[in-house]
Structure formats: C-alpha cells, structure tokens
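Here's the structure, in structure tokens; my notes come after.
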Amino acid sequence: MSAKVNDDLLTERRKCEFNVEELTNYLDGGAQATQNRRKLEDKVLSTKGLFDEVPEEYLSHKEKYENAVRKAVVYYKAMKEAEDPNQTEQERANATYRSLLHAAVFKDNSPFSLHLAMFIPAILGQADEEQKKYWMKRASKMEIIGTYAQTELGHGTFIRGLETTATYDPKTEEFVLHSPTLTAYKWWPGSLAHTANYCVVMAHLYINGKSCGIQPFIVQFRDEETHQPLPGIKLGEIGAKLGFNTVNNGFLGFDQHRIPRNRMLMKNAQVLKDGTFKRSPNSKLTYGTMVYVRVVIVNGMANQLARAVTIAVRYSAVRRQSELKPDAGEPQILDYVTQQHKLFIGIASSHAFTLTAKWLTRMYQKVTADLEKGNLDELPELHAIACCLKAVTTTDTSVLVERSRTSCGGHGYMLSSNLPQIYGLVTAACTYEGENTVLMLQTARSLVKALEQAQSGKRLSPTMSYLSEKVSSRLKWDNSIDGIVKGFRRVAYGKVESAMRSMRKYVRSGLGPEDAWNMSSVQLVAASEYTSISEADIRQLQDTYEDLLGKIRPNAVGLVDAFDFRDQILNSTLGAYDGRVYERLMEEALKSPLNAEPVNQSFHKYLKPFMQGKL
Ligand SMILES: CCCCCCCC(=O)SCCNC(=O)CCNC(=O)[C@H](O)C(C)(C)COP(=O)(O)OP(=O)(O)OC[C@H]1O[C@@H](n2cnc3c(N)ncnc32)[C@H](O)[C@@H]1OP(=O)(O)O
Ligand SMILES: Cc1cc2nc3c(=O)[nH]c(=O)nc-3n(C[C@H](O)[C@H](O)[C@H](O)COP(=O)(O)OP(=O)(O)OC[C@H]3O[C@@H](n4cnc5c(N)ncnc54)[C@H](O)[C@@H]3O)c2cc1C
C-alpha cells in the first residue's frame, strides 16, 4: 500500500492550474516519448542489484569504487536488455535524452561514464572509416572500456602546450609515446586508474624532428586478460575529490611505449608508412570531441537543475516554519517571496536550458553534416556558441543548485537530501570540458571579430547579427518579451563595443595586442555572458517580476512534478513524491553504521579514560 501523501503536497497538486502531463509530454518531445522513457525507466529500475543496501556515503573510498563497478556492470546490461528493438535510434536517444536514469544508480557518476561520454564520441569523430568500423564494434559491445586522455598534470586548458610526445618511427612503422616530464603525465581522465584498458590519447606528433601538432591516438594500456598495465605504462588513481568519487579519475605516464601506425586516428590528418604527414583541412577538427561534449553538457545541466529544484520546491511545500502573520500558524516556506525568488528562477532556467540544448543540438548536427561534405564555414560559430552556452549553463546551474540546497536549511546539507552530491556533479562541469573563463574568452574572440566585420559593413551570422543592428541608445524599453529581448541585445552590443574600445585604448597607449586583450579580458568575459539594463527600467521590470512570482506560486509543485523524476532518480529524503520528509530523514539516519549500537567502542577506548583523567 503506497505511503500517505503529505497533505500540503496534495493541496498544492489540487491548486495547479495546468495539465502537468501535457508539460511532461512537451518536455519529452511528445506523449509517445514520455511513454518510451517511462517504459525504459520501469524496466531498468526493476533490475536486481542496482541499489545499495548500505548508503554509499558510509562506504570507504575503495568500497565505493568497487561497488560502483559492480553496479555499472548490472546497469549497463539492464540498459542493453531494456532496448526496444522496434524503436529507431532517434526514439532510443529521445527516451534517454531527458532521463537521468544513471542518477538512480550512481550518486557520484559511473566508472563507465567516460567510455560513453568521450571515448566513443572520439572514435566516431576522429577515426577514419576502417578504424571506426573496427573500434566501434569492440567499444559498443563493451569488449573494451575506454577513456579520453588529454589533460596532463601540467596542462589542461592550453592544448597546444601538451607535453606527451608521439614520435613516428618509419623503420618499424610505429609511434613511440613518451611522457618526458612528470607534468607530461596524463592526469584526470575518468576510468583511467583501474577501469579502462584503452584510451584516446591527445599527444604532440613529431616526424623527423618536426612538430605536426596535437593528434589523437587510440592506445591500449592494460592487458585485456590480466588487466595488468602494459610495459612502459605507469598508472594510478589521482585521489579523493569534491565529487566524481566513483569515476576513477587517474594518471598515466608513458615510457617509450610503442604503438602501430594505424593507432593514430586518421580521419582528419594522416601519417603514411614512409612518414609523410597529410595535414587536416583545419587543425581544430582535432578538438571536435570537446565541442560535442560541450553541446551534451547543456542538456545535462537542464536535467540536473530540474532535479535539484524538484527536491527543493517539494520540500518547500512541505516545510512549515516561522510566522508570516501573528496567530496565523506557521506558513509553508514556499509562501515566502524570498523562497519563490530563490527557486522559481531555477525552474525557468531549466526550461530555458532544455530549449537551448535542443537548438544547439540541431546546430551541431547541421554543422557536423556540413563538415562531412568538407564545408567548414560554420565551425567557428559552432565553437563560439558551444563555448558560451556550456560556460553559462554550467555556471548558472551550479549557482542555482547551491541556492536550492541552501533554501532547504539544515536538511539541505544532509547527503541524504542528495543536493550536495548534485552540486558536486554540476560544479565540476564549470571546469571540465574547458574551464568556463577560458571558454567565455573564446566566445569573446569571435564577438570582437564579428563587431569589426559589422563595422566594416560585412553581413554577420544570425547569432551575431545583434552586433550589426544600429540600435539607437535611446531605445524605449517596454516590458513586453520583445521589448526585453531588444533591451538585452542593445546592452550585449554595448558590452562588446566597450571591451573593444578598451582594447584600442590600450593599444594606443603602447601595449601590444596580447597585453591589450589581457587588460580588457574582464570586460570581454562580461561581453560574452553579462547583460544588465539601465536603472530606470529596473523598477518597472522588478514590479513585473514580483507579480510573476505570485502567478507561478500556485503552480510551483505542478511545474516540478512535470519534470517527472521518479523517487529513485531524485534519490532524496526531501524530494520524494509523497512528501514524507521527516519519516525519510529518520529512516536514512538509522542506516548510519554508528546507529548499530547505543555506545560506540571509542567511549571505552578513549572518552572514559580521558574524562577520568587517565589518558
Ligand atoms: C560525464 C561527464 C564527463 C566529463 C569529462 C570531461 C572531460 C574533459 O575535461 S576532456 C578535456 C577538456 N579540455 C578542454 O576543453 C581544453 C580547453 N582548451 C581548448 O579547447 C583550447 O586550448 C582553446 C580553445 C582554449 C585554445 O586552443 P588553441 O589551439 O590555443 O586555439 P586559439 O589560439 O585560442 O584559437 C585559434 C583559433 O582556433 C579556433 N578554435 C579553438 N578551438 C576550436 C574548436 N574546438 N573548434 C573550432 N575552432 C576552434 C579559435 O576560435 C581561433 O579561431 P580564430 O583564429 O578564427 O579566432
Ligand atoms: C571532474 C573532472 C573530470 C575530468 N575529466 C577529464 C577527462 O576525462 N579527460 C581529460 O582529458 N580531462 C579531464 N578533466 C580535466 C579538465 O578538462 C581540466 O581540469 C580543465 O581543462 C582545466 O585545466 P586545468 O585543470 O589544467 O586548469 P588550468 O588550465 O591550469 O587553468 C587553471 C585556471 O587558470 C585560469 N586560466 C587558464 N588559462 C587561462 C586563459 N587562457 N585565460 C584566462 N584564465 C586562464 C583559469 O582561471 C583556470 O581555472 C577533468 C576535470 C574534472 C574537474
């Protein structure tokens, strides 16, 4: 018999003014997609061995990893078996696009995550047809487990500064991989430490002493039978982290490790047997896997933020605290406008990121199709947009998830609420796949170029067209959507123009272009992300905003119910559908191993002799 739903939540659901199922269908991409997603979730989450008897928070670092590998094997098999053979590839992708199924199993991500998130995309994007056929068969069947090894102990952002070398030996038709220094050790790749046995390595290619730039190589580093590291390979785990503690991030050093010529992924650049180097049509095509992952991250942020606000809004409907009016009893904390201000932006942002992710995915698919036909025209714009949206969505999601946590008071600080772990996952995304400041500066580079083109009368791409609008600075604001968008475009234009003016001022003062760029870089980052509006209009928009909060209030629980996360995926004492937060907090507390006995052995060993002055 299902547990009684909290009365306040029941009332909230009765108050809702729209059809929740319709919004769920819209978010999934249609009623059929919702059905497919739910069917997949039902099948996978009914698999035995997927869940932890003891909450993983109470396991050791080593036990957590071993338990995660156990679950990863069960989960991967369950996902494969749950695949509906009658579904198209696209339907399957839609069913998982919004599902955070893996989050029901791994609170801190899976030791297989890099295999799926980067190793396979790197093969698809960097291997030639023959290589793709061979490696995709093995990788998609999990005969091998891979990762993406680019970052080194000494370099993460500056790819052209990577120290790992791949030197071509025409006599043996092999590449010799070497880590010349400690800082050249690959450092961070997920699954690298004990899980994977292959990786795509980004290394500096040298032929006859000449640099041929950073190229991708597929490298086996563990024996497929014994899993022992191969000769010339040094491996290990990088240690405990803020989050991602079951992703098994590792380090790898090469000592003159030889691989056959056909292990360089040769879709874009090639090395012939005699050592002839055939350059890529664009050296940045080697960075293609990162562009793809940045696009995927935007959607991931939408889903993780939706999960956090679902937990916080449901809890805020159940939690009653303080006094809004004397003798009126304790209100739901969701009735405090400050609480609405903290949480409703998160709901709106998640929807905005979902729509943005869909738009960006379509742009990525179009540009990738063009690249296949040799048309590279839109690659720079895709790069600039992917950088900006990855940086903005991860920064905003981190802020809004942390705000969801702090809006739940002390219970939000409990690991059993799952809000700290969600924060640990999303804040990592501000760093990986390109640190956000660095990516914003990449976007700024494109904005400055576009404004220069606009000022010389050239036509701009649709996403940059606001830089060619001769918008009068006395634009009349109105708080219609169109008026607000026009306002934002005007201000965004002003930010780029101001950064550019600043750079020109530094150059006139005698600074070189690089120093002028660096001196203006705070403004440049702002131009890529920041928009503000003039004083007079804040009041008008503020009134509109506060009025809007009141309109959303009766629908807040309906809006998060529409994200349709089942309790196992929320994995939270505060966010369950039935709202029984206090019973769940107590149930989880009692699972602590410390509660197995009323007096812990440390009393007799330490406390008692200490308090009796005998220690
Ligand atoms: C489940 C979750 C799993 C998460 C796992 C995470 C895995 C990882 O973190 S993998 C490692 C990720 N690492 C990174 O993202 C590194 C970030 N750094 C970079 O991308 C590069 O160093 C970067 C772009 C900052 C600078 O690259 P660099 O080669 O120095 O180029 P730079 O000199 O700045 O620019 C040269 C030109 O290349 C262009 N360019 C740079 N990158 C790209 C790209 N990816 N695509 C297209 N064009 C590009 C620039 O726009 C510029 O164009 P233009 O000259 O027309 O203005
Ligand atoms: C959880 C997690 C998982 C990861 N997984 C992988 C993986 O699987 N494979 C992999 O290859 N890598 C992985 N990484 C590494 C990640 O890609 C790098 O950490 C990231 O690229 C940043 O590089 P870095 O850490 O060396 O910082 P650095 O590049 O040293 O940057 C440090 C700081 O310097 C400043 N800075 C640097 N360059 C500039 C600039 N040009 N302009 C202005 N400021 C600048 C920024 O403030 C930046 O935060 C992972 C990282 C994390 C946190």
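Glycine too: its Cβ is placed from the backbone N, Cα and C atoms.
Positions annotated as domain 'Acyl-coenzyme A oxidase N-terminal' by TrEMBL: 19-145.
Thr151 (FAD binding site) falls outside any helix or strand according to DSSP and counts as coil. TrEMBL lists Thr151, Gly190 with the feature FAD binding site.
For 287-448, the entry in TrEMBL reads domain 'Acyl-CoA oxidase C-alpha1'.
As annotated by TrEMBL, active site, proton acceptor applies to Glu433. Its Cβ placed at the centre, Glu433 (active site, proton acceptor) has 24 other Cβ atoms within 10 Å. The secondary structure of Glu433 (active site, proton acceptor), as reduced to three states from DSSP, is coil rather than helix or strand.
Residues annotated as domain 'Acyl-CoA oxidase C-terminal' in TrEMBL: 530-612.
DSSP classifies Gly190 (FAD binding site) as coil under the three-state reduction. Taking the Cα atom of each, Glu433 (active site, proton acceptor) and Thr151 (FAD binding site) are about 10 angstrom apart. Residues belonging to the domain 'Acyl-CoA oxidase C-alpha1' (287-448) score a mean pLDDT of 96 in the model. Gly190 (FAD binding site) counts 27 other C-beta atoms within 10 Å of its own C-beta, drawing on all protein chains shown. Using a 10 Å radius centred on the Cβ of Thr151 (FAD binding site) and all shown protein chains, the other Cβ atoms total 18.
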